[in-house]
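Novice: Structure below; questions to follow.
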Amino acid sequence: MFQTLYSYFWWERLWLPANLTWADLEDRDGRVYAKASDLYITLPLAFLFLVVRHLFETYVATPLAGLLNVKEKVRLKATPNAVLEKFYAATTKHPKQADVEMLSKKSGCTVRQVERWFRRRRNQDRPSLLKKFREASWRFTFYLIAFIAGMAVIVDKPWFYDLREVWKGYPIQSVLPSQYWYYMIELSFYWSLLFSIASDVKRKDFKEQIIHHIATIILISFSWFTNYIRAGTLVMALHDSSDYLLESAKMFNYAGWRNTCNNIFIVFAAVFIITRLVILPFWIIHCTVFYPLDLYPAFFGYYFFNFMMVVLQSLHIFWAYLIIRMAQKFITGKVVEDERSDREETDNSEEEEEAAKNGPLSNGHPVLNNNHRKTD
């Protein structure tokens, strides 16, 4: 049964144009072609990336955080309470008002004390500022190096300037060593992101991030063994061109360098919109949708590749919406914050919530208005 499924999966008519077989892509006459078995190396490389990341965050990012004066906010810990802790772990971290009143009776605490306990308990589970800075530093370093390497791989190629060259002679296109390593490193990195996503900083677009990583892994893998490598290198370099700007903006934000963060963010927003909403759909996707049809009839692999490209483009539109919202806040003079972030509930935020219910005083003290939150 396994052999039957294997044969159906690798059926040439699924992945290759008509009249071509996998035998046509075997190495010969000095030509080297991409093979699906090449991708096995990306899994051990992904775990190697996790090791390198740990070393980088420990011995590079942490000292850098100290130099940039990245300071942790003081977090008040929730007092030990078995009843509340059991409900927090087993039921929900955000109890409804009826649950709060029920827990108040069971625990012997007032309603307000229960609400404060859950706020502080949620804050204990939120990632520290240092963790966010270290993660941003690692991604900034990789994306910057990957972008420079990617440009070095494609800038001297004819298909970088004329997209019709992407399909010239397809699929009889030999793989260059630079393309091989560019692919293996990029795919390994995205595997490592998927492996670590459960322990990384979680944001409101957590599900979209998982979809993005999976779609990217599928696209890179598929474009490799079907020899869509020229198009693949263009797509990867295009994505890396803005990602390092976003991560650097986060780093400066965590360090409290507001003006630098905002300036980099504006540059990032411009690059993101130009590359993801203009160049990608109107140049790259146009190239992968229309130009191949001049050479061969559409087949399953053609539709599959372009469907995954549309999935990525849809995610870019979603993130562009969030970026534009942040840009509007910046233009109107508000602090730029990551719309994906789960804002920390500080003591000030508690008092502000109480003020909204009970007036300008809380516990006999005037409410402090903190309009300068440090966010993702």
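For all residues, glycine too, the Cβ spot is worked out from N, Cα and C.
Note that the structure is a prediction, hence the values are computed from the model and not measured.
Below are the features listed in TrEMBL for this protein:
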{"type": "DNA_BIND", "residues": "69-129", "note": "DNA-binding region"}
{"type": "COMPBIAS", "residues": "344-354", "note": "compositional bias 'Acidic residues'"}
{"type": "DOMAIN", "residues": "67-128", "note": "domain 'Homeobox'"}
{"type": "DOMAIN", "residues": "131-332", "note": "domain 'TLC'"}
{"type": "REGION", "residues": "337-376", "note": "region 'Disordered'"}
{"type": "TRANSMEM", "residues": "39-56", "note": "transmembrane segment"}
{"type": "TRANSMEM", "residues": "140-160", "note": "transmembrane segment"}
{"type": "TRANSMEM", "residues": "180-198", "note": "transmembrane segment"}
{"type": "TRANSMEM", "residues": "264-291", "note": "transmembrane segment"}
{"type": "TRANSMEM", "residues": "303-324", "note": "transmembrane segment"}
Novice: For the transmembrane segment (140-160), give me same-chain residues lying six or more residues beyond its boundaries with a C-beta closer than 8 angstroms to one of its C-beta atoms, as numbers and ranges.
Specialist: 56, 166, 168, 176, 178-179, 182, 185-186, 189, 230, 233-234, 236-237, 240-241, 243-244, 247-248, 250-251
Novice: Could you tell me what the rest of the chain brings near the transmembrane segment (303-324), counting residues at least six beyond its ends with Cβ under 8 Å?
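Specialist: Same-chain contacts beyond the flanks: 205, 208, 211-212, 215-216, 218-219, 222-223, 226, 228, 235, 268-269, 272-273, 276-277, 280-281, 284-285, 288-289, 339-340.
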Novice: List, by number or range, the same-chain residues at least 6 past the transmembrane segment (39-56) whose CB is under 8 A from its CB atoms?
Specialist: 137-138, 141, 184-185, 187-189, 191-192, 195-196, 221, 224-225
Novice: Averaged over the DNA-binding region (69-129), what pLDDT does the predicted model reach?
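Specialist: Per the prediction, mean pLDDT sits at 83 for the DNA-binding region (69-129).
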